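Single-structure report; data block below.
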Amino acid sequence: MNINKIALIYNQNSKHLAIIEEIKKLYNYCKIEEAEAIIVIGGDGELLHNIHRYMNLNIPFYGVNLGSLGFLMNPLDTKNLLQNIHESTVSILNPLLMQAEDISGQIYTALAINEVSIFRKTNQAAKFRIDVNGIERMSELVADGALVATPAGSSAYNLSAGGPILPLDSNMLCLTPICSFRPRRWHGALLLSSATIKFEILNTNKRPVNATADFQEFNNITNVTVKSTKDKPIKLLFNKNHTLEDRIIKEQFGG
C-alpha cells in the first residue's frame, strides 16, 4: 500500500514504553486526522477501543501486538515495521449495529466489531424470545445469555461459548447461547449477515438483563435488535504473511 502519513497510538501507561520509544524513533508521525494509516500498539482491547474512537475517519488501522492474545494484531517487528505496513493486505470488517431499549424506554445504539451479547444480571437465568427477520424462531430460551458474533469476532467470546469459527468472507453471523439451560441441546444458529435478530427479554423484573456491544454495556434491557451494517466499514492492515484469514483458519485447528 502507498502510505506516506502514519499516526501512532499507544497507552501512556503501558509497561512496554521502552519498546514504544524505539518505534517512535522510526518515523516522523503525523496527527491522526492527517494520517493515511494508524498504528495502534498494545493488544486487541487497545485496538478495539481506538477503532471505536476513530472509525468515522475511515483510516485503516495497523495493530502491533504488545498484549497477550493479539488476534487482530500483527507481531512486533520493529526493524521492518514500515516495510510491513507498505506491503500489508487489507481486511474489511462490517460491524454490528445494536439497538437496545431499557425498562424506562430509553433507546441506545452502539456498534460492535466482535459481538453483541446479552446476559443475566443476577443469579436468576435470563429468559428471552428470539425473532429473526420478524419471525419468531424461539419462543423461550433460558440461559445465562446469548450473543451475535461477526466472522472477525467468532474466534473470541463466541468460540469460548461453544460457537463456531466463521471464515472472514462468509457473509454469516453466529447466534450462540451462553450456558443454555432450556432447550438444553440447542447450540445456536448460523445466519446470513443480512439477518436482523431481535431478543425480547421475558420477565424483566425478576430476571434483569444487560447488553454489551464489544466493551459498551447497557443495563436493565427489555429488548435488543442486532444487524450487520456496511455503512461503517473498518479497514485492518495485516502483514502479507500473517493475514487475518490465515489466523482464523489456524484457530480452527487449535493453532
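Each residue, glycine too, has its Cβ placed from N, Cα and C.
Features reported for this protein in Swiss-Prot:
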ACT_SITE  Asp44  active site, proton acceptor
BINDING   Asp44, Gly45, His49, Asn114, Glu115, Asp144, Ala152, Ser155, Ala156, Tyr157, Asn158, Leu159, Ser160, Gln216  NAD(+) binding site
Self-check item: Neighbour count (Cβ, 10 Å) for His49 (NAD(+) binding site)
Solution: 16
Practice problem: Sorry to bug you, but what's the C-alpha spacing from Asp44 (active site, proton acceptor) to Ala156 (NAD(+) binding site), rounded to the closest Å? | Solution: 10
Quiz item: Taking just the CA atoms, what is the gap between Ala152 (NAD(+) binding site) and the residue listed as 'active site, proton acceptor' in Å?
Solution: 12
Quiz item: If you count Cβ atoms within 10 Å of each one, which of the binding-site residues Asn158, Ser160 comes out on top?
Solution: Asn158
Quiz item: Sorted by position, what residues of the same chain at least six away from the residue listed as 'active site, proton acceptor' have a C-beta under 8 A from it?
Solution: Gly63, Gly67, Leu69, Gly70, Phe71, Leu72, Met73
Quiz prompt | Which same-chain residues, if any, lie at least 6 apart from Glu115 (NAD(+) binding site) yet have Cβ under 8 Å of it | solution = Leu96, Leu147, Val148, Ala149, Thr150, Gly153, Ala156, Tyr157, Asn158, Asp214
Quiz item: Quick one: what's DSSP say for His49 (NAD(+) binding site), helix, strand or coil?
Solution: helix
Quiz prompt | Longest CA-CA distance among Asp44, Gly45, His49, Asn114, Glu115, Asp144, Ala152, Ser155, Ala156, Tyr157, Asn158, Leu159, Ser160, Gln216, per record bound to NAD(+), angstrom | solution = 26
Quiz item: Using DSSP, would you call Glu115 (NAD(+) binding site) helix, strand or coil?
Solution: strand
Exercise. Could you tell me which three-state DSSP class Ala156 (NAD(+) binding site) falls into?
Key: coil
